[in-house]
Amino acid sequence: MEKIWLEAQSNIKKVLTPQTYNTWIKPIHFHNVSDTNLTLEVPSKFIKEWVTEKYLSIIIEAISSLTNIKYQVDFKITEKSQVEKKKVDLQATEKIENDSTRNVDFNTNLNPKYTFDSFVCGASNQFAHAASQAVANNPACNYNPLFIYGGVGLGKTHLLIAIGNQIRENNKKAKICYYSSEKFMNEMINSLRYKKMDEFRNKFRKMDILLIDDIQFMAGKEATQEEFFHTFNALYESHKQIVVTSDKFPKDIPGLEERLRSRFEWGLIADIQPPDIETKIAILKKKSDLNSITLPNDVALFLASSATSNVRELEGMLIRLGAYASLTGSEISLNMARDILKDIIVEKTKDITVEMIQKHVADHFKIKVSELKSDKRLKTFVIPRQIAIYISRELTKASYPEIGERFGGKDHSTIIHSVKKIEKQMENDLEIKNTVEKMKKELMS
């Protein structure tokens with residue numbers, strides 16, 4: 001049966017986008033089968049809930065087409081084995097520490113909410129996520145230093161702190177230091193001012209794990225780079241783990257000294273790309289669950305499609321909607337989202353026109369725009385026409401009469417009928433639903 005599941009996965013891969021498949025279907029593994037009950041393994045509760053809601057029917061259909069049996073599919077969450085959690089080997093460190101080291105406050109200011117479990121992994125960040133987990137479970141072995149780079153608000157800090165939290169969970173005695181490069185610089189300046197540089201150096205160079213955020217802010221600051229260079233060398237030579245983040249690839253950071261740049265390239269460099277729509281939806285769903293916000297699917301799609309790739313801004317929009325719904329005692333809806341967030345995302349919805357939608361739908365179904373706007377009743381033209389009308393209503397501010405005018409002068413009752421027709425079909429026909437959502441994503445991305 002395991003071979004059948006692998007074949008089913010292969011077939012499912014053909015009908016989903018690569019990002020969707022890699023994020024939601026690829027992590028699923030066969031567990032067992034009994035009569036007509038099939039159990040599959042998923043790595044988390046979140047994936048279980050998302051796959052059950054979005055892709056269960058596709059999975060059942062794919063398996064049924066290979067076996068001619070309609071299985072009852074259940075999902076089992078596979079917890080990480082305690083055996084798999086490698087303990088950080090810090091026993092080789094010196095048993096005798098000097099007094100100044102003993103007195104160092106190892107309060108690392110690691111935000112407990114930033115964990116690997118709370119990080120939503122997708123195709124855009126999969127490599128950085130995997131590298132971070134590898135470092136957290138076996139620091140200073142294969143990937144030292146680890147350099148994570150990507151744009152603002154994509155999750156670099158989340159991964160950086162998650163590494164620290166995981167190491168702390170594995171070994172309570174680990175000396176972990178999490179600093180922004182700006183804080184490192186300010187503390188160094190104060191140490192110089194008050195003649196406490198020995199204490200400053202001792203503090204950082206006796207760490208087991210050094211996590212530095214936004215290293216690009218050291219660029220052009222010679223004294224700070226000089227001090228960090230020697231700190232880096234001391235830790236690296238002592239086989240301590242170093243992780244840094246940046247908004248740019250090392251070679252693209254202006255004002256960064258070549259000797260630091262080359263050291264960052266000694267280890268592993270992992271990038272984080274802007275999330276695709278599927279990943280943004282997953283992030284919104286996870287954050288809404290964590291904040292007890294009921295977020296309808298159409299609103300999640302609207303936010304993910306309209307909003308920036310900056311995950312923090314995306315979360316900000318969600319919190320704004322949640323606060324409004326809570327304070328007014330109302331439920332979050334698509335109309336509410338459009339109204340409350342109009343100052344943020346109005347420009348993106350304005351860019352989409354009925355004409356753009358007509359061309360996109362016509363191209364998708366390989367028909368002419370003139371045929372889409374005509375009164376021809378062939379199914380070849382009717383379904384694309386109704387889909388185009390439905391999407392026009394969803395993605396533009398055009399009224400029913402205005403949409404009718406752009407579809408060959410049809411009256412508003414015909415337009416309303418088309419919208420309701422597609423809404424009903426989307427409830428009952430998964431293929432129609434996927435087609436419509438795919439085209440909406442393409443238009444809004």
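Glycine is treated like the rest: Cβ placed from N, Cα and C.
Record features (Swiss-Prot):
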BINDING   G153, G155, K156, T157  ATP binding site
REGION    1-69  region 'Domain I, interacts with DnaA modulators'
REGION    69-108  region 'Domain II'
REGION    109-325  region 'Domain III, AAA+ region'
REGION    326-445  region 'Domain IV, binds dsDNA'
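What Swiss-Prot annotates, mapped onto the structure for a quick look.
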{"residue": "G153", "record": "ATP binding site", "Cβ neighbours (10 Å)": "17"}
{"residue": "G155", "record": "ATP binding site", "Cβ neighbours (10 Å)": "25"}
{"residue": "K156", "record": "ATP binding site", "Cβ neighbours (10 Å)": "25"}
{"residue": "T157", "record": "ATP binding site", "Cβ neighbours (10 Å)": "19"}
Can you give me the residues near the recorded ATP site, meaning same chain, not G153, G155, K156, T157 themselves, Cβ no more than 8 Å from the center of the site's Cβ atoms?
G150, V152, L154, H158, L159, T245, I272, V311, R312
Could you give the number of helix, strand and coil residues in the region 'Domain IV, binds dsDNA' (326-445) as assigned by DSSP?
93 helix, 0 strand, 27 coil
Check the DSSP secondary structure of K156 (ATP binding site), expressed as helix, strand or coil.
helix
For the region 'Domain II' (69-108), would you mind checking the mean pLDDT of the predicted model?
51
